[in-house]
Amino acid sequence: MVLILGRRLNREDLGVRDSPATKRKVFEMDPKSLTGHEFFDFSSGSSHAENILQIFNEFRDSRLFTDVIICVEGKEFPCHRAVLSACSSYFRAMFCNDHRESREMLVEINGILAEAMECFLQYVYTGKVKITTENVQYLFETSSLFQISVLRDACAKFLEEQLDPCNCLGIQRFADTHSLKTLFTKCKNFALQTFEDVSQHEEFLELDKDELIDYICSDELVIGKEEMVFEAVMRWVYRAVDLRRPLLHELLTHVRLPLLHPNYFVQTVEVDQLIQNSPECYQLLHEARRYHILGNEMMSPRTRPRRSTGYSEVIVVVGGCERVGGFNLPYTECYDPVTGEWKSLAKLPEFTKSEYAVCALRNDILVSGGRINSRDVWIYNSQLNIWIRVASLNKGRWRHKMAVLLGKVYVVGGYDGQNRLSSVECYDSFSNRWTEVAPLKEAVSSPAVTSCVGKLFVIGGGPDDNTCSDKVQSYDPETNSWLLRAAIPIAKRCITAVSLNNLIYVAGGLTKAIYCYDPVEDYWMHVQNTFSRQENCGMSVCNGKIYILGGRRENGEATDTILCYDPATSIITGVAAMPRPVSYHGCVTIHRYNEKCFKL
């Protein structure tokens, strides 16, 4: 059309005029002749915008059409208001509203570097900028000020790619200052994974106390052994010993001193002059010594292994009865609450028995007695994954309970087929002997038994076939005597107890209630309800929480549910299912070495 129009104009310029009919043919088209291609959408693509930007940048260099001068640190940058406003909402607000800068030719900007402004303008006028380790920080801050999110994100991405043990803590602090949550998380995870290397660098020694604690308290800290954490903390303290000495006790509460190798503990920790001159640390040292003697009997946040060491706390379920209670199960299986994995261990010997007692001694597991009147005692060696027969009970029994107190195993009460037993026996694993100690004040079967604050507690139980007891009987090994304490709020048998943080928790007995007992203050309180009534359930403390596994419901059938109760929040949740419904089983927590090291 343009060519035709051009030809027509040329003809007129030559003095040749077309007739009206010819003009109609030139400018009018017969609709019947249209084929659907009467228009053409043309686009030069992104190159058009790039060419325009390039021309604007040339204009800027030659000060052509510039209408504002940005002054930073005394250096002037001629610019175009339209270009700045199109790229940055900061400048759009400055130039488009009735601000003083919208009328002035010279605009001064403080708080940034001239180099940063040069890089920023290069990006604005070209869409490109070279981000380096030297300019990334001020370029990030400048793009944040001018609200250029694309450039800001590019700087954050660049920092993420530069993570190294020598700089990750500094980048993390930078990310925290600028609310870069993704970068902050990546920095923290990187530092957790490479803690051994990170702790050797200057940035680590410059952490503040809270930042250091945030790392050393983490279960996800990746280390080969706990000694690395202790040494890192001591390096940090000795860096500014006069200022940091008062923080030593607080820091060591987050180091898992009980998990240090006994030789290292004696030869390195106990002889450290700073620790020796800090009486407030003595209790932590005492806890570690006790753990080396008593093992898992003494549980605290510091006895829980970090998963990266290859060890984890697992719940071991021993035997039990299947759904309708008519078949005894031979299985010994461990459950890892963190991964949700179940693994089979060596099967329980002579599993034809039922209603035996189970407890953990150090990192091994004992099973005693069983129906009918068994005197057998087996110990599971967790390192060798085998069951070994040890010295038999003096008196056969079932429906009894076992607990460990100060390194000794106590078998309490039970039933011999005719009478409830008041008999209590104590096992010394070093001499492999059982000895009788003071009997219960009230003979019971199926009570809850646990140790706490240096004493043994026997709660509830059945004094005969038809009644339940609400008595709480407390045994003191120093005096070899029993005392009655505050009664449990509801008389029950077939209940289970665990101790955590110097408190005793009781569940089961075909009630929904979970009760908590404070042995120091001698009082009970109701803390939570389960989702259904059950008895003869398993109960164990793992990773600082209480797990209730299986049990028998009101209809007599076993259940496969697993509940998790967190005393810190008083929240109870259903977390998983067992491999099969089970009741009358044993549940204990031990440390188990995993085939693979769990890392982030």
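Glycine residues also receive a Cβ, built from the backbone N, Cα and C atoms like all the rest.
Look at Swiss-Prot and you will find 66-133 tagged as domain 'BTB', backed by sequence analysis. Here the domain 'BTB' (66-133) returns a mean pLDDT of 88 for the predicted model.
Look at Swiss-Prot and you will find 168-270 tagged as domain 'BACK'.
Annotation source Swiss-Prot lists repeat 'Kelch 1' at 314-363.
Nonlocal intrachain contacts for the repeat 'Kelch 2' (365-407), taken as residues 6+ away from its ends with a CB within less than 8 angstroms of a stretch CB, comprise 293-294, 297, 316, 318-319, 332, 345-346, 348-350, 353-359, 413-417, 421, 423, 425, 427, 429, 432-436, 445-451, 454-456, 458, 475, 477, 586, 588, 590-592. Taken from Swiss-Prot, the feature repeat 'Kelch 2' applies to 365-407.
Feature annotation from Swiss-Prot assigns repeat 'Kelch 3' to 408-454.
Per Swiss-Prot, the feature repeat 'Kelch 4' maps to 456-502. Note: the repeat 'Kelch 4' (456-502) comprises 0 helix, 21 strand, 26 coil (DSSP; helix = H, G, I, strand = E, B).
Annotated repeat 'Kelch 5' per Swiss-Prot: 504-544, in sequence order. Away from its own ends, the repeat 'Kelch 5' (504-544) comes close to residues 219, 299, 301, 304, 313-315, 317, 320, 337-338, 446, 448, 450, 452-453, 455, 457, 459-460, 468, 472, 474, 485-490, 492-498, 550-554, 559, 561, 563, 565-568, 570, 572, 574, 582-589 of its chain (Cβ-Cβ under 8 Å, at least six residues beyond either end).
Feature annotation from Swiss-Prot assigns repeat 'Kelch 6' to 546-592. Per DSSP, the secondary structure of the repeat 'Kelch 6' (546-592) breaks down as 0 helix, 34 strand, 13 coil.
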Using a cut-off of under 8 Å between C-beta atoms, tell me which stretch among 408-454, 456-502, 546-592 contacts the repeat 'Kelch 1' (314-363) the most. 546-592
With DSSP as the yardstick, break the domain 'BACK' (168-270) down into helix, strand and coil residue counts. 75 helix, 0 strand, 28 coil
Sort the residues of the domain 'BTB' (66-133) into helix, strand and coil with DSSP and give the three counts. 31 helix, 13 strand, 24 coil
